[in-house]
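Input: one structure, supplied below.
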Amino acid sequence: MSTSGDKATSSTNNPNNSYEITPPATDSISSLSFSPKADILVATSWDCQVRCWEITRSDGSIASEPKVSMSHDQPVLCSAWKDDGTTVFTGGCDKQAKMWPLLSGAQPSTVAMHDAPFNQIAWIPGMNLLVTGSWDKTLKYWDTRQGTPVHTQQLPDKCYALTVKESLMVVGTSDRNLLVFDLKNPQIELKRIESPLKDQTRCLAAFPDQKGFLVGSIGGIIGVHHIDDAQVSKNYTSKCHRIRNTIFSITSLNFHPIHGTYTSTGSDGTFSFWDKDSKARLKASSKCGQPITCSTFNHDGAMFAYAVGYDWSKGAENHKPNEAKTSLYLHLPEEFSIKEEDNVTKEHKEMMKAKQLLVVGLLLSLLLLIIHTTESISDYEVKSNVNVEALTVEEQKQSNRGRRSSGSSRNRGRRSCDPLYQYLFDTCGHWPFPTTPSPENPFLPFQPPRPPPRPRPRPRPSPRLPPPLVPSPPPPLRPRPSPCPPPLMPSPPPLVPSPPPPPPSPLVPSPPPPSPPPFFFFPSPPPPVIVFPPPLVPSPPPPLPGGDQTTQPPPLWLPPPPFGDETPPVFSLPPPLDEFPPMPPITWLPPPDVPAQTSSAEAFDQIPPLFMESPLLKR
């Protein structure tokens, strides 16, 4: 089956009127590879298929004919041709690489295996080896006649990009490292470079002269990097594939096999031709309706192939099979005048050199101006330091006299004439009134001079006042204790007559007298003498009727024994002083309740000492 040689009609996916190759793949195309010897194009896609077309050119038209296809168990991600153009190698998510001899018609066979999917594969012509880079962080070299790798190179992280140009190989990993290898000694890593781009590496392309490489990232930036440290000044980056503030990923980079220019494709749906040396974009395409996923040149650079489809950058949830149409197009580079752009490139280089010379001249002029200005300022400072007062009065007079004589000599022999008077009266003369504004000149407005402003009175300095006296804080006053009100004591219960107390038992010792309460001594007046009454003695409980002696009632507390027939003594206190509050009357405390089970000694210990509470004692 062959397609028509005419251009396809313009559409959303084909605004550049490119030649469309049919039948298209049913899912996004992941890689494109042209045979190095013929116009045979191989495309791998996410529908697990590998398709092959034969392209023919005649009279400026293109025709494509599908030849054969094969399938993988899972999506196919990469492809590469052998240098003799007889065999193609493919690999992908099924963790294996297949060799497909197209010219002989033999069946595909597995020649490489990895522990994880891989999306980078390339053929090394000088060594007749196949190299594969996988997401299992390894780089393996394979002899297609053996089932085991010849050498396995450990990588710092997953392999995301790979490019091979004769003896130069560059590998990009997911941690933004760029590993440079000399394939003459592939076991040794020649150089490790951190990517000049801040974002994740997406694609690589080696220079045709093997002196450096291009690196593209998902941040819409292309980096031009030279391997030799002496050429670091030639490294630069350029922003591309952006629409205002929206940034798109760089999907592929390819050098033209003859002219040395290169192309870049992006997720914005455009491709551009660039000149690496002049840092200029030569041509830019129109925007396709979907991202451009991959691209490549044929062996002589006469055709440029690119695929349009969903690039899976937004994940599977945003994939719309009904809207995401996959297309494969071919462009003739002559339409973009790549060969004619060489003259434009030369003119551009000459213009850039002229601009550089102009900038250098301006910088030199500015430098000379700065130097001259600095010298002038220094001379002025030296002259200003000369002491003017060193001139004598005679020298000043001679200079003034010389000025007067020179001024009079200039005006000597000249006839002064008023121009307005000469114009009006056609004769030389002067007006009879002064020509300056004055009250005597009626022709010129006269404004009386303003009186000179009065000098502002100089503010008198305020008298210096001594620093304010800060009073020292008064000594802390010890507050005088406030008199405590007399405690409220309950009224004593009425006295109940009780039988006379029995004689004390010899087994119960009499309690010691209570210790007197502490006294607070004041210098004046002396505290009054307090006389304490004798302590209360508990009386033994009466026997219970019925002979039950298990429980005994609490002891009865009796008042102090009487003083015979005499009346109890009356304790008198001295009259109250003026500065002390009146003394309250003497109050007896009631006896506390004592449990029935306590002994007489314990009961005595629980009796509080009786004393007269008075505000005077508390003070």
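Every residue gets a Cβ built from N, Cα and C, even glycine.
What TrEMBL records for 436-452, 462-518, 552-563, 571-594 is compositional bias 'Pro residues'. What TrEMBL records for 1-23, 395-416, 436-518, 539-607 is region 'Disordered'. As annotated by TrEMBL, repeat 'WD' applies to 22-63, 69-110, 111-152.
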Kindly state the mean pLDDT of the repeat 'WD' (69-110) in the predicted structure.
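Averaged over the repeat 'WD' (69-110), the predicted model reaches a pLDDT of 93.
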Helix, strand, coil residue numbers for the repeat 'WD' (111-152) per DSSP?
0 helix, 25 strand, 17 coil
Using Cβ atoms and a strict cutoff of less than 8 Å, what residues sit near the repeat 'WD' (111-152) while being 6 or more residues removed from its termini?
30, 74, 77-83, 89-99, 158-164, 166-167, 169, 171, 173, 183, 186-187
How many helix, strand and coil residues does the repeat 'WD' (69-110) contain under DSSP?
0 helix, 23 strand, 19 coil
Quick check on the repeat 'WD' (22-63): DSSP residue counts for helix, strand, coil, in that order please.
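Result for the repeat 'WD' (22-63), in helix, strand, coil order: 0 helix, 25 strand, 17 coil.
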